[in-house]
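Annotated features in TrEMBL:
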DNA_BIND  1011-1080  DNA-binding region
COMPBIAS  841-854  compositional bias 'Polar residues'
COMPBIAS  858-872  compositional bias 'Acidic residues'
COMPBIAS  968-980  compositional bias 'Polar residues'
COMPBIAS  984-995  compositional bias 'Basic and acidic residues'
COMPBIAS  996-1011  compositional bias 'Polar residues'
DOMAIN    1011-1080  domain 'HMG box'
REGION    835-875  region 'Disordered'
REGION    966-1014  region 'Disordered'
REGION    1059-1125  region 'Disordered'
REPEAT    9-41  repeat 'WD'
REPEAT    132-173  repeat 'WD'
REPEAT    236-267  repeat 'WD'
Amino acid sequence: MPATQKPMRYGHTEGHTDVCFDDTGSCIVTCGSDGDVRIWEDLDDDDPKSINVGEKAYSCALKNGKLVTAVSNNTIQVHTFPEGVPDGILTRFTTNANHVVFNGNGAKIAAGSSDFIVKVVEVVDSSQQKTLRGHDAPVLSLAFDPKDIFLASASCDGTVRVWQISDQTCAISWPVLQKCNDVVNAKSICRLAWQPKSGKLLAVPVEKSVKLYRRETWNNPFDLSDNFISQTLNIVTWSPCGQYLAAGTINGLIIVWNVETKDCLERVKHEKGYAICGLAWHPTCGQIAYTDAEGNLGLLENVCELNGKKSSSKVSSKVDKDYNDLFDGDNESSAGDFLNDNAVEIGSFSKGVINDGEDDDDLMLASSRPRQRSHFLEDDENSVDAALMKNGSRLLKDEEEDDQVDNIHSLPLITSQRPFYDGPMPTPRQKPFQSGSTPSHLTHRFMVWNSVGIIRCYNDEQDNAIDVEFHDTSIHHATHLSNALNYTIADLSQEAVLLACESTDELASKLHCLHFSSWDSSKEWTVDMPQNEDVEAICLGHGWAAAATNALLLRLFTIGGVQKEIFSLPGPVVSMAGHGEQLLIVYHRGTGFDGDQCLGVQLLELGKKKKQILHGDPLPLTRKSYLTWVGFSIEGTPCYADSEGIVRMLNRGLGNTWVPVCNTREHCKGKSDHYWVLGVHENPQQLRCIPCKGSRFPPTLPRPAVAILSFKLPYCQVATEKGQMEEQFWRSVMFHNYLDYLAKNDYEFEENIKDEGIREQQELLLKMLALSCKLEREFRCVELADLMTPNALNLAIRYASGSRKLILAQRLSELAVEKAAEMAVVQEEEEDVGRKRNAGHCNTTSEWSQSRVRNQVEEAEDSGEADEVEENPEIRKHRQNLFSKSANSSDAPAVKSGAVISSSQGRANPFKVSANSKESAISTNAARSTNILDNMNKSSKKSIALNRAANNEKSPVIKPLIPKPKSKQVSAASYFQKTPFQPDKTDEIKEEKPKSVSSETPAVCPQNTENQRPKTGFQMWLEENRSNILSDNPGFSDEADIIKEGMLRFRVLSAEERKAWTDKAKGGPASDEAEAKKRKRVVSENSETENQKEEAKKNLNLPKKQKPLDISTNQKLSAFAFKQE
């Protein structure tokens, strides 16, 4: 039967680790560089007893209830076993002791030190010591003769010596090792061993073979070697019966020989190729415990039949001979019997051979004798179920052929009748799990730990119960529940606790909900699953619960227990998560290969408009990893983590792609350390997790401490200033995408968060543009400018002109004009769509984007801050202002409202002017753009302060996702309804005062004039100067060309002239006929008197245009882009 290799586990911190069994083999004892001795009941023991013996422990030995350790304080200490009580110091050295061993009856110990000395000490009376001197370098290892006559030692001086204990003399010395000056520089620690019972042979690992020396004659009758040994042997150990010898190499290969026949019986490869530095054979059965130089502990089972019985028989010998005659000379197949001889099994690897890519060429042929069988194991994730391949019959050879071969390669090859498969191996499917839970086999475990609270399960002799604890006790008090039905799966939300259990022979699988937020007295409900259907994964959302079963069904329930929709899953579920109206399902799409999982993901929205966002898309995972956590950020963005520590988040702004946002392995100090993910915050950017030293999950007690990790996108060259700013910019963009999702779905959120994010992004873009300017990367500057808002683009133009980058400034100016024209066209198309919807009586369109971009134009012209406005859709139907959009562009999705610009900065473009004014404009901008980035930073702080004051700023923590109340939208819409006036009066104003041109195009119906908005200063200027533009450019037939030329001419006006036009625009439409007559009289006066009276009239008439509002209503509307006086 092939040896079984169990997955290795963390034992100690990185460094040399030693291992041994107790006298009965009931436990494994290890020591390591962390100074601890750990007592393991078995390899799966998650809570081993730990005894601290010093700063570092180099070696340990156990006999007759005495635990002896070689410690870094140069002493050999004794502790009682298993109590771990200190029992004195046996001896001291001047430097570290490197190895300590017991003799056969446990009466003596031998210890070798780096001070070249070997000491033999009586355990009962430590004063009885013998000192063996003769080595010229540190002692590496020791071995007692079973008859207590000799002691063998290996040293860094390159010799192996055999000492006569009684007279402390050296009987023989072999210079077979490489010389070195210290243990840390030794290529091998050369752990030698005497054959048990008789002590007939001494085994010494030398280079790539084991030399066997015969007792008393000290000759070397033979060596044991194998073609698979590619690195130096580090350690050897004998089986208790003395028939088998095991050896470990510095590259992680473990070989087992039958010493009598010199045949290699087992080959086992360390899963990561670390050096084997500890090897111990179980005293009664075929188990080998081993440790590596990184502190890990492993176990081999079913290594050999220690009773020495032969599995061959006359029948098998006869069959073997017949097959040999049949296939004699057929030696072409490279490994024909390998898979048939070693079928692979999941998990326990009890019949497993797991092939690693680097060892494909080293597969050993199945030998003709059971003692020559070649079992090459490697513990990775490429195992497949035994049902995939059938075991071929082992072909045995007669005992007489033993003398003909000493090497496995000299045997005739035996081919299989079945075809040989040499392709990629299937990966075992990952079992279903609940995010935030620890393994279910633990007696004390976390059933779930999320952002709401913690559910713990206790299943021991005293109690079988569940404890529910809330982070915020205002949600609900802590609860203690009995667990009579043995619930194994749980989830927790702000509304309920959801539990599920597996079915038994008597009971069906149950789904149990404790709806503690219910307003009635019945707060629990239970649903039994159909027969032979078990719940495998559950989750809770806002007002609903979901359960996935092994029947590939997903069942939806209301939080009160009403069954809702049910649908089939494309594959076995892996895990689920819920948040608000969103449901995320991860399942197996198919079978993965070469250690990779093949997972799919579905994302559904279960609100009033049910829809599927992700339709079974593949879930990206790191190579040879599996899923460990799946959930949502606090703000509602899907995230997940894999076993390699990579955390990924859904990027809604890039077609629902998955982006790696954090690598927790970069924060781990040790290779065996991990972070257990709990939750994700997007604002502030935080990854909440628990550090686990030497494990993948935390214990329940003591209560684990939560750590906060930062996010970092895997961009190139993040050590440079350019790469760092690029990573910060795109991370900011990605971590603010959730605001667009909330706005789209009518959820409440803090407006100032969006403004701060856009300000941060624009500052980074300007800094990157300044850096590119210094590096003479002007093309790159234009690419960066394409991501900017119009206000930031104006700052970039001024910076380029101030840096004497005239060609760049010209390019940026052209880009600004193009973006303005594109936005004008987009807005016109949107208004056309709005008119069509109006014709079809569709009044449900949101006014978000329309009002947002209009406010930005007003912000740019008034040099003030404007916030987003939400209006009644009726206002939108008849608006055709081609200049109201100045932020959003289809080519720059990251550009939003709220870019910061100083109130003193103009919008003049010094490169699109006539010849007589170009020079003066350039000089003016060059003088004012020296500290343009500093001005931006100062004004940004001022803008934020104003914005917070206007919004009556609240806590930065986002509220639960609650749809916006309609009453607020209605009140906002009613506020923006202007006082109606007659169309003939509007026409009269147009005729008398050309400067007060309506923002409506002639195509607008007169009955909708009451929805007009005040014109901007640029619109008034353009209407007055349209004839001049057409006369100067008779070829202009398109309105867009007129707009472009008008923008260029308007920008070169002085700040005072633009302000004058803006002040005129602020006057707004008249509210009655008397005011219209006043305007007629004003037109006849000079321009200076006209401006003064316009201001006075504006102040007098403002109260008439506003409806009386109470204080609370004004506070609610303070976020809109209209001044309240």
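Every residue, even glycine, has its Cβ placed from backbone N, Cα and C.
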For the repeat 'WD' (9-41), the number of residues DSSP places in helix, strand and coil: 0 helix, 16 strand, 17 coil
The repeat 'WD' (132-173) - residue tally per DSSP class, helix then strand then coil: 0 helix, 23 strand, 19 coil
Stretch-averaged pLDDT - the repeat 'WD' (132-173): 92
Counts of helix, strand and coil residues, the repeat 'WD' (236-267), according to DSSP: 0 helix, 20 strand, 12 coil
